[in-house]
Structure formats: C-alpha cells, structure tokens
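As given in TrEMBL:
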- TYR137: active site, proton donor/acceptor (ACT_SITE)
- 11-17, 106-109, LYS141, 164-167, HIS180: NADP(+) binding site (BINDING)
- ARG188, TRP203, ARG210, ASP270: substrate binding site (BINDING)
- SER108: site 'Important for catalytic activity' (SITE)
- CYS110: site 'Important for catalytic activity' (SITE)
Amino acid sequence: MDRSARIYIAGHRGMVGSAIHRKLENEGFTNFITRNSANLDLRDQRQVAEFFELEKPDYVFLAAAKVGGIMANNIYRAEFLYDNLQIQNNVIHNSYLHNVKKLMFLGSSCIYPKMAPQPLKEEYLLTGPLEHTNEPYAIAKIAGIKMCDAYRDQYGCNFISVMPTNLYGYNDNYHPQNSHVLPALIRRFHEAKEQNASAVTIWGTGSPKREFLFADDLADACYYLMQNYDEPGLVNIGTGQDVTIKDLALLIKRIVGYEGEINFDASKPDGTPRKLMDVSKLHHKGWQHKIELEEGITLAYRDFLSKENIAIS
Ligand SMILES: NC(=O)C1=CN([C@@H]2O[C@H](COP(=O)(O)OP(=O)(O)OC[C@H]3O[C@@H](n4cnc5c(N)ncnc54)[C@H](OP(=O)(O)O)[C@@H]3O)[C@@H](O)[C@H]2O)C=CC1
Ligand SMILES: C[C@H]1O[C@H](OP(=O)(O)OP(=O)(O)OC[C@H]2O[C@@H](n3cnc4c(=O)[nH]c(N)nc43)[C@H](O)[C@@H]2O)[C@@H](O)[C@@H](O)C1=O
C-alpha cells in the first residue's frame, strides 16, 4: 500500500477501527475515507453503492459490525445475523464492483465449532456444531469468509479474512450487560472499589478459558497481513495463550485495586469452554504479539479512567 492510497476503514470509531486508523497514521498514511454509522448505514445497499461510487477507495479494512459479549449475542440474535450479513455483503460486493485493490474482512474466533480440538487451527472451520449463544454472529462471520473466497475464485479479488481472538483496548465498550468480559469486569471492579462493595459477581462458573489480544497489537497484525498475506481461507490472530475467567477476574481485581470478595453466578452462560487460537500460521508469516495481558489491562483501565474523568490513585 503506498502512503497516498485511499483507505476506507469501515468502523473507524470502534475499538478495532480506531486502532487500525492510529496504526496507519503512525505509518504515514494520510488519505483516509471515514463515515460514521449515522452518515452511512452499511446495512443499506443503496447508501453503500453511492458511497463507493463517490469515494472509490483503493484499500478497505472491514471493521464495522454489530459486536458484543455473550449476553448481547444471545439476546439480539436476529440483529447479530441480519446486521452483520448486510454490512459485509454490501461492503464486500461494492469493493468488487469498484475494483478495490485489497480488502481485509475481520471475523472472530467464535467461527470455530464449540467442541473443536485446542488450539484452534484454521482447518477446523465447519467441522462441527457452533456454540449456541453466538451462533448467529458466527454464521454471519463464516459467510464473510466464504464471500471473500468466492470473490477471489470467481473475480480474482484480493480479499483476505483474519480471525481475531477476544480483543480489548482503547475505546472499548463498557456497557454492563452488552460488553465483553474484560471491559465488563474492569468497570464492575472499579465501581465496587468506589462504592466499597463487599463482593463482585462474575457471570458463569469462572472455568471457561479465553485468550485476549490488545487491540493495538491486532491493528499491527492487520497492517502486517495487509502487506504480507494474499491467500484464500483464514488466518488466526492471537497470542496463543489463554486464562480462565476466574484468573482473569483475579488479575483485573488486582490491577483495579479492589479488595473485596468474588462470587460466581452460575445461572449466567459460560459459552464455549475454551477458545485458544493456534497462531502458528501467523507466526510463520512473521508476526507476533507484543503487549502482554497485565500491561494491556493496565493500559485499558487507564483509558477507562480517562473517559470517566477520574485520576488513577
Ligand atoms: N471486540 C472483540 O472482542 C472482537 C471483535 N472482532 C471483530 O472486529 C471488528 C470490530 O469490532 P470492535 O471494534 O470491537 O467493535 P465496536 O463495536 O467497537 O465497533 C464497531 C463499529 O462498527 C460500526 N457499525 C456498526 N453497525 C454499523 C452500521 N450499520 N453502519 C455503519 N457502521 C456500523 C460502528 O460505527 P459507529 O461508531 O459510527 O456507530 C462502530 O464503529 C468486528 O468485525 C468484530 O466482529 C473480532 C473478534 C473479537
Ligand atoms: C469475542 C467473542 O465474544 C463473545 O463470546 P465470549 O468469548 O463468550 O465472550 P464474553 O467476553 O462475553 O464472555 C467470556 C466469558 O466470560 C464470562 N463472563 C464473566 N463475567 C462476565 C461479564 O460480566 N460480562 C461478560 N460479557 N462475560 C462475562 C462469560 O460467561 C464467558 O464465559 C461472542 O459472543 C462473540 O461476540 C465473540 O466473537
């Protein structure tokens, strides 16, 4: 990608899109095309067609999606399927129609079967049933992978698919119900500390294992793969390390400085028991993560506090 190329980051205000934007700015790119969802609803076929006709981007990072944690995925099942299919169909198809040089589609580790062997190799796609709580989202993401491959096969488009593990970082969503576990627990432990609460409740049993990647590391990997990966299929992006939700909670508790107890609410879903990425393909391509979990949570907590306008004690 040359530094003057016209780059469209769909979802540039989100956690991932903003990290990709930051990364490309730091690399010297200047010619960005951005729209927020109020000005361009990517679910709307006509609006998206007019936007591509007008802007004619050279490169597209597709980081716009309906996103949320286990509860949001399970409650808003129709929206997670409809919105994500519409967004990716419109952006991918118009990228083909308008001769985009390269497109990156962001999927998720939830595309793998619930009980797939660990760590999750790219070849395990479509080898078994999905986890129920996020099946609609996963089906949309699988369709996105297959769409990139079909447009490559039939039309020769250089459209690639990357599968990030669970992410966290700057500009994360801290909604108490709809967010992912890591931001949810930062907020819950912080509020419990402020209110001198005697205990914090964690959803599920605490035994599921998850892998977490800082969003700026993901953006670095996306930039790297945009330059060094031109293949069909998918590539995992992660750290190759995971923790139990209980151990994650203990780490966040320590970083936040909360001294009360932790309870578990087993009436809430655990979701997939484990989702550890096999990152050997990514490592062979020449990329590895840099930000470890404790450092990343410290940075994310600082970002959370700055948004709350609270000084770190
Ligand atoms: N967060 C995570 O743990 C993971 C995320 N991913 C993937 O990474 C990508 C980015 O996720 P993340 O940054 O966390 O999500 P965010 O919710 O932070 O950002 C999503 C972005 O999508 C945009 N968007 C949503 N709906 C529409 C719409 N109808 N029209 C136009 N824009 C829309 C939003 O725009 P606006 O702000 O203008 O409303 C927002 O900026 C997604 O594809 C997601 O599936 C993959 C694995 C894990
Ligand atoms: C990235 C990924 O994110 C989603 O899948 P998930 O990995 O299950 O995501 P999660 O972060 O919401 O939960 C992880 C674990 O943590 C436990 N947990 C404890 N306490 C809280 C809590 O307070 N909030 C949340 N959300 N989870 C909690 C929770 O019960 C679960 O066992 C997908 O739907 C899909 O969107 C996707 O691709």
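Positions of Cβ are set from backbone N, Cα and C atoms, glycine also.
Projection of TrEMBL feature records onto the structure.
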residue	record	DSSP (3 states)
GLY11	NADP(+) binding site	coil
SER108	NADP(+) binding site	coil
TYR137	active site, proton donor/acceptor	helix
PRO164	NADP(+) binding site	strand
ARG188	substrate binding site	helix
TRP203	substrate binding site	strand
ASP270	substrate binding site	coil
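Among the binding-site residues listed (SER108, ARG210, ASP270), SER108 have a CB atom closer than 6 Å to some atom of ligand 1, in sequence order.
Sequence-distant contacts of PRO164 (NADP(+) binding site), defined as residues of its own chain at least six apart whose C-beta falls under 8 angstroms from its C-beta, comprise VAL16, LEU106, GLY107, SER108, SER109, LEU213, LEU218, ILE237, GLY238. The DSSP secondary structure for GLY17 (NADP(+) binding site) is helix. Taking the Cα of LEU167 (NADP(+) binding site) as the reference point, the closest of the recorded positions TYR137, TRP203, ARG210, ASP270 is ARG210. When the Cα atoms are compared, GLY11 (NADP(+) binding site) and ASP270 (substrate binding site) turn out to be 28 Å apart.
Binding-site extent for substrate: residues ARG188, TRP203, ARG210, ASP270, maximum pairwise Cα distance 19 Å (rounded to the nearest whole number). Among the recorded positions GLY11, GLY17, CYS110, PRO164, LEU167, the residues whose Cβ sits under 6 Å from any atom of ligand 2 are CYS110. Around the Cβ of TYR137 (active site, proton donor/acceptor), a 10 Å sphere holds 29 further Cβ atoms from the protein chains shown. Take the Cα of CYS110 (site 'Important for catalytic activity') and measure to each of the binding-site residues GLY14, ARG210, ASP270: the nearest one is ARG210. Between the CA atoms of ASP270 (substrate binding site) and GLY17 (NADP(+) binding site) there is a gap of 28 Å, rounded to the nearest whole number. Cα spacing between TYR137 (active site, proton donor/acceptor) and ARG188 (substrate binding site): 26 Å, rounded to the nearest whole number. Here the CA atom of GLY14 (NADP(+) binding site) lies 25 Å from the CA atom of TRP203 (substrate binding site). Within 10 Å of the C-beta of TRP203 (substrate binding site) there are 21 other C-beta atoms, taking all protein chains into account.
Separating the Cα atoms of GLY17 (NADP(+) binding site) and ARG188 (substrate binding site) is a whole-number distance of 25 Å. Here the C-alpha separation of ARG188 (substrate binding site) and GLY14 (NADP(+) binding site) works out to 21 Å.
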